[in-house]
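Only one structure is covered here, and it is reproduced in the block below.
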Amino acid sequence: MSDISKVFDLIKEHDVKYVDLRFTDPRGKLHHTAQHVSTIDEDVFEDGIMFDGSSIAGWKAINESDMILQLDPTTAVMDPFSAQPTLNILCDVYEPSTGQPYARCPRGIAKAAEKYMASAGIADTAYFGPEAEFFVFDDVKFKVEMNKVSYEFDSEEGPYTSDKDYEDGNLGHRPGVKGGYFPVAPVDSGSDLRAEMLSVLAEMGVPVEKHHHEVAASQHELGIKFDTLVRTGDNMQYYKYVVHNVAHAYGKTATFMPKPVFGDNGSGMHMHQSIWKEGQPLFAGNQYADLSELALYYIGGIIKHAKALNAFTNPTTNSYKRLVPGYEAPVLLAYSARNRSASCRIPYVASPKGKRVEVRFPDPSANPYLAFAALLMAGLDGIQNKIHPGEAMDKNLYDLPAEELAKVPTVCGSREALDSLKADSAFLQKGDVFTKDMIESYIDLRTEELLAFETMPHPIEYKMYYSV
């Protein structure tokens with residue numbers, strides 16, 4: 001049975017009323033348009049659905065706005081939140097004038113990275129396994145006006161609520177600052193919420209593993225299994241969608257901001273990755289930590305291009321409030337076996353099939369398709385140019401003396417990341433995976449955000465400087 005036939009079987013089986021077409025913008029935000037089921041026939045899968053691309057930031061100008069959503073029938077899944085029976089289908093964005101994939105479509109770029117890897121003869125499969133963390137609050141308020149800039153959040157788990165009056169009483173069980181890793185209830189108040197999120201993800205076909213409380217108060221993580229690059233990008237988009245909507249249904253609010261809370265750990269998205277060829281893992285060998293030489297070159301490519309990668313893996317100004325010393329954030333560009341203070345870690349596994357590299361500096365504000373594709377391209381460049389990462393750093397990098405620390409390269413800041421991407425993008429442009437036009441438009445988009453941040457007076461500036 002064809003994938004398109006399966007879509008129509010799902011429509012019939014669930015008495016579907018709407019087909020929700022979903023696509024991802026350059027920032028990583030999921031968008032949708034709902035088609036009444038009567039408009040969906042086999043021709044739609046051939047011709048696609050037209051939409052206005054000028055309304056999406058970083059895409060078309062208004063005088064060339066027409067674009068096509070090309071449905072991917074393999075992604076069809078029932079939506080768990082819609083009141084009317086709704087079938088979700090993820091889409092790629094195409095150029096109507098050429099009938100080819102749009103060069104700025106993130107999902108298309110991820111597909112192009114997989115295709116380039118195979119055409120280069122290095123590997124035929126790239127696996128990615130992200131570990132995305134998030135915060136859940138009971139309430140959040142923020143305001144940005146000429147005369148007022150503020151934010152305020154509240155969570156019953158927060159250490160700042162220890163003396164707060166609650167209608168049913170303040171029961172006192174809550175994690176302290178940096179004290180939230182793996183406690184049982186009642187200190188962990190989010191277990192049922194996370195279990196619901198994980199169950200909904202499983203219903204949507206996302207392969208799930210576990211859930212647990214994270215280090216910070218009100219911080220959580222769901223574990224999903226690794227998959228191929230594009231498929232994992234799809235799974236991450238549904239991960240965020242489910243987390244936001246289940247939290248909303250519980251009367252709470254979830255955020256994937258890397259650093260919403262000052263003074264506690266931020267949220268990362270560690271990315272486990274490996275490449276295979278003809279069913280064989282390419283990262284297992286007899287070098288350091290039982291890695292292959294090819295795996296070391298892959299790590300070398302990531303470390304060499306890390307500052308350009310930061311523009312995709314840590315794309316927001318808030319990202320760099322997480323990447324500071326003192327909060328378990330991997331700011332040092334080094335690699336090590338099992339050592340979580342290094343930005344590239346090689347987890348211990350007994351099986352060669354499980355041999356992988358964990359890149360620890362990315363965060364969940366990243367567009368998953370672009371971040372995964374950029375990491376793969378950096379790793380492939382390392383392999384092609386035999387870029388060795390140097391000696392491993394097996395000591396605790398957080399405790400290095402100042403003179404040793406100064407010799408270890410670090411991740412960068414928001415502006416430096418964009419400048420680095422501008423100067424170091426040739427590895428991304430191989431095979432036209434990331435086109436020059438796409439990179440320039442992405443830099444422009446993120447520069448707008450950076451300028452908005454840099455030119456806005458901050459409340460702490462009033463505290464420090466008002467009386468100068």
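Any Cβ shown, glycine's included, is placed from N, Cα and C.
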Swiss-Prot Mg(2+) 1 site partner of E131, E358, selected from H213, H220, H270: H270
E214, E221 bind Mg(2+) 2 per Swiss-Prot; candidate in E114, E133, E293 listed for that same site: E133
For E214 (Mg(2+) 2 binding site), nearby residues of its own chain (Cβ under 8 Å, 6 or more apart in sequence): E133, G180, Y181, H220, E221, N265, S267
Cα-to-Cα gap, R340 (ATP binding site) vs E358 (Mg(2+) 1 binding site), nearest whole Å: 10
S274 (ATP binding site) CB neighbourhood, other CB atoms within 10 A: 23
R345 (ATP binding site) and R322 (L-glutamate binding site), Cα-Cα, nearest whole angstrom: 18
E358 (Mg(2+) 1 binding site) and H272 (ATP binding site), Cα-Cα, nearest whole angstrom: 4
Of the recorded positions listed as Q273, K353, R360, Y398, the one whose CA lies nearest the CA of E131 (Mg(2+) 1 binding site): R360
